[in-house]
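Student: Just lifted these from TrEMBL, have a look:
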COMPBIAS  32-41  compositional bias 'Polar residues'
REGION    32-59  region 'Disordered'
TRANSMEM  82-108  transmembrane segment
DOMAIN    117-230  domain 'Phosphatidic acid phosphatase type 2/haloperoxidase'
TRANSMEM  120-137  transmembrane segment
TRANSMEM  157-177  transmembrane segment
TRANSMEM  183-205  transmembrane segment
TRANSMEM  212-233  transmembrane segment
TRANSMEM  245-262  transmembrane segment
TRANSMEM  274-292  transmembrane segment
TRANSMEM  312-332  transmembrane segment
Amino acid sequence: MHPLLEYLKSPELVVKVQEYFGIEYKKSSASAKNHRTTGAPNGTAIGNGKGAPPANGHAVVNHANEKKIDDTDDKAYRVTNYFWYVLFIIGTELGDEIFYATFIPFWFWNIDSAVGRRVVMVWSAIMYVGQSLKDIIRWPRPSYPAARLQKKWGLEYGMPSTHAMVSVAIPFSVLIYTYDRYIYSMPVGLAIACVWCAVICISRVYLGMHSVLDIIAGLVLVVLLMIPLIPIVDRLDLVIVTSRWSPIFVLSISILLIVFYPDSGKWTPTRGDTALTVSVCAGIELGAWLHYHLGEFQQPAQPPPYAIIWPSYSMFGLLLLRTVLGLCCIVASRAFAKSISYAFVCFILGRDKNELRQSEDTLENKNKIIVELSYKLFTYGVIGFNTQYLLPSVFKLLNIGRPDFYTEI
């Protein structure tokens, strides 16, 4: 590998980034000596962080602000700048499932489902390519001497960073699909999108979850993918919504993408997460198809671009009501759909659901893989369908629906 690429991939560069933003590393000479003389694992004893010798042969740990890297390292870190720490913890969540679960329904119920469908399709495609490449390339995440401030997704491979890819895909696809549809300041939108992207990307290196090379690769890849994706998705969404036989196409492609996902060489959660994104997209498109063929999409009174309508107090109250009620329904539907689909597939396979749920996650455990992928395909497809069709219909029946100022297709 080229020396520059080796440098960008190195965990030492991750440490430099972490230290720049206020992560202070502490070397415990006592623990290292203990490891050399007694064979105890590295990091079993960590100094008090002030250079004081251990009392009575035992190291004193400052639990208030010093944390172990993991069970095999004789290093510890201390957060010295909590502004960056909190900012990057929040930033990394902007590329996580909690954000998706709130942002996507909020956009559909309160802003513009036509733009939302296109953004979700771009997001799903980007995630599928990024997650697949992780399991094809199989580069590990940064290790010693870099500390991982976040353990989530630690089982996944690191190259490319899908957080970095989504940090571009979501905000910039929103900009592209809205710039000729609504009247707003494009420079302000670009500034927000760039800050959004920067915070997420830096957060992944800061937390020790990705190397700088992972981030750069993710950014380059997403730009290359979005150049053809943006116009293709714009056209494909219209075809799917209006075509009579598109549900067969959508379901078939979704199942094939999940079944023929690349082999990862070991069990990782990437295949299940990819099934989630594909299923949500499929459910949303099927909901939009039903809306259209029932004649429920309304044409606008005037062509775009449209002025942004800022909510009045009453509109804002209805916005909150839709969001809270809708998210509660999403949580309930997820629990119900997961329960019945998991039990049904286990019944078909002749396996006890509790025993299978507690079994080991390995590539050899085929039955568990089939059950996990099947329930995610059904459950998150239902969530996507409810987000696009069922819940907006319920809101209208309750007279709390979003005003249909503009067209949905």
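Every residue gets a Cβ built from N, Cα and C, even glycine.
TrEMBL labels come from automatic prediction, so no person has curated them.
Provide an account of the burial state, proximal residues and distances for the features listed.
Tutor: Distant neighbours of the transmembrane segment (82-108): 21-22, 115-116, 119-120, 123, 150, 152, 162-163, 166-167, 170, 196, 199-200, 202-204, 206-207, 209, 273, 276, 280, 284, 323, 326-327, 330, 387-388, 391-392; these residues of the same chain sit at least 6 beyond its ends, with a Cβ under 8 Å from one of its Cβ atoms.
Long-range contacts of the transmembrane segment (120-137) within the same chain: residues 100, 104, 156-162, 165-166, 169-170, 173, 218, 221-222, 225-226, 229-230, 233, 236-237, 257, 261-265, 268, 270-271, 273-274, 277-278, 280-281, 284-285, 384, each at least 6 residues beyond the stretch ends and with a Cβ under 8 Å from a Cβ of the stretch.
For the transmembrane segment (183-205), the residues of the chain that approach it from at least six positions outside its boundaries are 14, 17-18, 21, 87-92, 94-95, 161, 163-164, 166-168, 171-172, 174-175, 211-212, 214-215, 218-219, 305-308, judged by C-beta separation under 8 angstroms.
Sequence-distant contacts of the transmembrane segment (274-292) (same chain, at least 6 residues past either end, Cβ-Cβ under 8 Å): 97, 100, 104, 108, 113, 116-117, 120-121, 123-124, 127-128, 131-132, 237, 240-243, 246-247, 250-251, 254, 257-258, 261, 373, 376-390, 408-409.
Remote same-chain residues near the transmembrane segment (312-332) are listed as 101-102, 105-106, 109-110, 383, 386-387, 391, 394-395, 400-403 (criterion: CB distance under 8 Å, separation of at least six residues from the stretch ends).
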Student: Report, as numbers and ranges, which residues of the same chain sit near the transmembrane segment (245-262): CB under 8 Å and 6 or more residues beyond its ends.
Tutor: 128, 132, 135-136, 239, 271, 274-275, 278-279, 281-282, 285-286, 289, 373, 377, 381
Student: Which residue counts does DSSP yield for the domain 'Phosphatidic acid phosphatase type 2/haloperoxidase' (117-230) in the helix, strand and coil classes, in that order?
Tutor: 78 helix, 2 strand, 34 coil
